[in-house]
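What follows is one structure encoded as structure tokens, with my remarks underneath.
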Amino acid sequence: MGVGNTGGTVSELIDETRKRLSSGRELFALLIVLGIAVLLLDLVRRIATGELAFGRLWRYTWNGLVDSLYIALAAIGLSMTYSILRFANFSHGDLVTTGAFSGWAVAWVVGGWGVYSVGELVLFSPTAAGPTGGELGMNVLASPVAILIGLAAAAALTVAVALAIDRLVYRRMRDAGGIPLLIASVGVALALRYLIAVFWTVESHSATASAPILEDVPPWLPFERVNLHELTLVVTAVGLIVGLHLLLQYTKLGTAMRAMADNKDLALITGIPTERVIFATWTIGAGLAGVAGYLIVLDRGQFSINIGWFLLLLIFAAVILGGIGSIYGALVGSLVIGLTINVSLVWIPADLNEIAAFTLMILILIVKPDGLLGGVETA
Amino acid sequence: MSGADPDGDPETDTADVPGDDGTDEPTAMIRPEWRSDLLLIVKVVLATYVGFFLVGVLSGAGVNATVGTIQSITYFGAIFALGALALNLHWGYTGMFNIGIAGFMAIGAYTMSIAVASPDGTPAGFGLPIPVGVVLGMVAAGIAGLVLVIPTLRVRADYFAIVTLGFSEIVRLSVQSRSLRQIGDTAYGTGGGQGIRATPVDSVVGWLFDQPIVGAVGDVLILLGEAVGIASSVLERGIYTLVLILFVIAFYVLLTRIAHSPFGRVLKAIREDELAAKSLGKRTDRAKIAAFAVGCALMGLVGTLWMGSRTHISPDHFMPLITFYVFVALIVGGAGSNTGSVLGGFVFAAVIFEGPRFVRTMVRANLGTDFPRTAYGAFAELGAGDPAALIGYVLYQQADEVRYIVLGVVLVLLMIKRPDGLLGHRKEIAAGVDLRRRGAVADGGRSAEDDGPAGTDGGADDE
């Protein structure tokens, strides 16, 4: 009897394992974990054998952290609209574009006021006679005021555009399902992007002067030199993220937003003013997206109207990884995506790194649709 | 093709349909309304032609430019109708929100190009005959669809949208990637950013003219055309458009037959309520997989047909924008109706795709081409009291951007005002019988006289 019993439990165990594996998800998850383990071991081997210099790995990791910061700024807004308005907003990437163009246009006007005509400045020198970013001294040391005003303008103008779009489009469809809203957001994305293109053309622009580099770095920092534009990006982004955290946790508005993301109907019953929360959602989400676009341009210099659209899938990847609706999840997801697109360069060529991120996103959607943090909603 | 033969589905379950045994009397079964639908399509097409012709001639754009526009409309109308029909199987019938159409088109077109391109080119092809290439393209796209759909069967609709969009971007970035330009040490590959240049001999039109009967007819047509004064290139394009129209008809018949088969009713039931369909014992997973693979194969075919008229394909031809073209075409017509898909494709091509270009032609004919090249110049001249400069800048220099803006605005307006599209009210229900006539069936045909008009509506087109 005892023997039979043991046999029974073993075969039960095998049966259960087989059933779990055949359901597909566990098998997929197992494969992913195995894959990551193999990659990590390979990373250790490469460093141990000297095939991969440690400095290079650190550079990839640092670039990953920087990328993850601007992805995070954009992802927070997407995650908020997803959880509060309940649809995948495909026009969010173009809010990033709006921030980049509007913010830098204002920065140029401030920087070149009185010397060049406003039209030339707003449109980033459409003719060859106009100034370049370098001639205007568009770096954080030469014209900090212009860049700061531009940053504020990027946030304010993007918020204005987002609120106008909400008034024109999304407010009329509050009760429509997620898919009609998604389709409408695709339409908004196209219209917004090419409205920008009518003014600024589809060509790429260069808005900034070359970034000032700080050479004498304190020895305890793991850098030999500091790119001040990159530093500005990091400081601004971290500051905004901390500020958002405080807002969500310690203000009435934050509580209302978290409540509404968690359970809309319950929030309505408790008397939370829906439209005001939606207003706050667009303000915060679009503001952060606009700042993200502005900071990306500060870091990279070059940009075109596709800057936000190309970023959109990475943002979605980050939001999905973290679990849609969870702002802290979006931060974690951004970190994973930022590191993935950079550290994956150890193994694959540079033009395949986004493929790695998208594949990761699809796998997570299949295996853990609730995201890495397991569906913690805005907590 | 992947064993997804809808007509051979063992779930065929027509025995309980009332009136199915008596074939002569008008039955309660919903039948496709071939004749009225065909008439509707012809009416819309003719009205569009006449409208464009009148506007073109009256506005002074010239007969030649107008005829060129009408030909473009027909060509792109056929392409978008094909895409919308394929998408209708996914979104209209099964409710699978696929926005990775460009990716499946790319797989079809690239597979065909690699199979067909000459072995001496860079990257090299296999030099296979064109029909083999087309079939390979279809099969490859269908297999890609299978691989994608099986693990993603249970994800939510909005997640599925993101997965498919991600997939199409993965395909595009892959073929664009330098590392796949030439795979390994072989001469084969995707050509990276440059794409694949098939020699003109390999293009479909050229191949068509080499065929015994079609070629002879084509030669006669070209001789005739030259006698009247139409360039042979225009005629070749016309003949290719004709081929596309034949494909539209084939797609339409195939998809309408699928839609009215028991398999098609399972698909519609999944769209309405997957859980209910499953509870009724339908194998919804299998139906979804089959429908998705068939739709993807058709999208691959559309990709090969679209790119078949060119001698060169590159990753830039498969931007996600293509997906949204097809989507808008389907939504304009109304998802869930094959007739709507064809009409939507045509109307989309005429109004949104070719419309801004046509306006550009009219502006050129009336206001010339001397417009500022930048918004700065346009506003400067506006300030100097010349509004024509701004109009010309927007409508002439920025015609493509205007097209995308119109595309977006139309999408938004449709979603707000008419989410069902032009023909959306005809969305076919999942039932095999017309539920409005339930009384007639239940009462043994007692009220058949009362339902006279409905009866003739449904039965008049039966053969």
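Quick reminder: no glycine exception, Cβ is built from N, Cα and C everywhere.
All TrEMBL annotations are machine predictions without curation.
Pulled from TrEMBL:
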COMPBIAS  B:1-24  compositional bias 'Acidic residues'
REGION    B:1-28  region 'Disordered'
REGION    B:439-463  region 'Disordered'
TRANSMEM  B:38-58  transmembrane segment
TRANSMEM  B:70-89  transmembrane segment
TRANSMEM  B:96-116  transmembrane segment
TRANSMEM  B:128-150  transmembrane segment
TRANSMEM  B:238-255  transmembrane segment
TRANSMEM  B:289-309  transmembrane segment
TRANSMEM  B:321-353  transmembrane segment
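A Cβ distance under 8 Å defines the sequence-distant neighbours of the transmembrane segment (B:128-150), meaning residues of its chain 6+ beyond its ends; these are 1-2, 96, 100, 103-105, 107-113, 115-116, 163-164, 167, 171, 202, 204, 207, 288-289, 292-301, 303-305, 308. Across B:70-89, B:238-255, B:289-309, B:321-353, the stretch most heavily in contact with the transmembrane segment (B:96-116), judged by Cβ pairs under 8 Å, is B:289-309.
Counting Cβ pairs closer than 8 Å to the transmembrane segment (B:321-353), the top stretch among B:70-89, B:238-255, B:289-309 is B:70-89.
Listed as Cβ neighbours of the transmembrane segment (B:289-309) (distance under 8 Å, sequence separation of 6 or more from its ends, same chain) are residues 1-2, 4, 6, 75, 79, 82-83, 85-87, 89-90, 93-94, 96, 98, 101, 104-109, 111-113, 130, 133-134, 137-146, 148-150, 153, 203-205, 237, 240, 243-244, 247, 251, 258, 263, 267, 317-318. Using a Cβ-Cβ cut-off under 8 Å and counting only residues 6 or more beyond its ends in the same chain, the transmembrane segment (B:70-89) has close neighbours at 45, 48-49, 52-53, 98, 101, 105, 234, 237-238, 240-241, 244-245, 247-248, 251-252, 255, 258, 267, 291, 294-295, 298-299, 301-302, 305-306, 309, 325-327, 329-330, 333, 335-338, 340-342, 344-346, 348-350, 353-354, 357.
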